[in-house]
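Everything below concerns the one structure shown next.
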Amino acid sequence: MAGESFEWWRRTMQYQTGLGLTADEKARYEKDYAVYNREKQCKSCYEYRDWMLKYSPTVRFMIQQISKLNGNASDGKVLNFDESKIICDECPDWKSGGFHPEIGILLCQNRLKDKWHLEDTLSHELVHYFDNLKWQIDWLNLKQHACSEIRASALSGECRFSREFARLGFSMNFGRGHQDCAKRRAIISVMGNPNCKDKEHATKVVEEVWDSCFYDTRPFEEIYR
């Protein structure tokens, strides 16, 4: 094991300095590094996921609410959430996660910056999961899609003050930062819907459902994070 670690260190130093590095060695290192990095990201993603399932108040609460919606077992107990429906994998574009009603939740291991970014992303997708069970969302219906995106951004914690300030600094609207963030992110998500024409179309749809969806904090009593 120590020998393997030293050899990897040697190859890394050779790659970074370029000393004695042939074109074949460079290509082989980049290929090996991609595999190494993918495995490392995957391991971290599942470790963070499992930690959040145990210790995150938001994630644990959403799991409980989803389990209730899933129905009861024959003995009257609430069915447990199937954690295998939350998977980690690489994503080719800008998103950090996704939800599919038949498959479950995807966490983009190569897009997640840290454990807390994963918490926000998982919480966001769990809101979609909840909405889909409670209201049988038609994800190609722009208004229904927009409503769930507004709720997911508002309730997940991804638009809380500290996150938004880190993104925008003093250019953020301190009075409406949370609302602006939820609206902005919902518009971006709706733009990805195949039935959406462009940003103007997405903005119009989000505005139409904004009040009824932003202030609907179910299953929370209020915006928690």
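Using the three backbone atoms N, Cα and C, a Cβ is placed for every residue, glycine included.
Just so you know, the Cβ of H128 (divalent metal cation binding site) picks up 24 other Cβ atoms within 10 Å once every protein chain is counted. According to Swiss-Prot, the divalent metal cation binding site annotation covers H124, H128, on the basis of similarity to another entry.
For E125, the entry in Swiss-Prot reads active site, with the evidence type sequence analysis. Cβ contacts within 10 Å of E125 (active site), excluding its own Cβ and spanning all protein chains shown: 23.
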Residues that sit under 8 angstroms from H124 (divalent metal cation binding site) by C-beta distance, when 6+ apart in the chain: G97, A152, S153, S156, E158
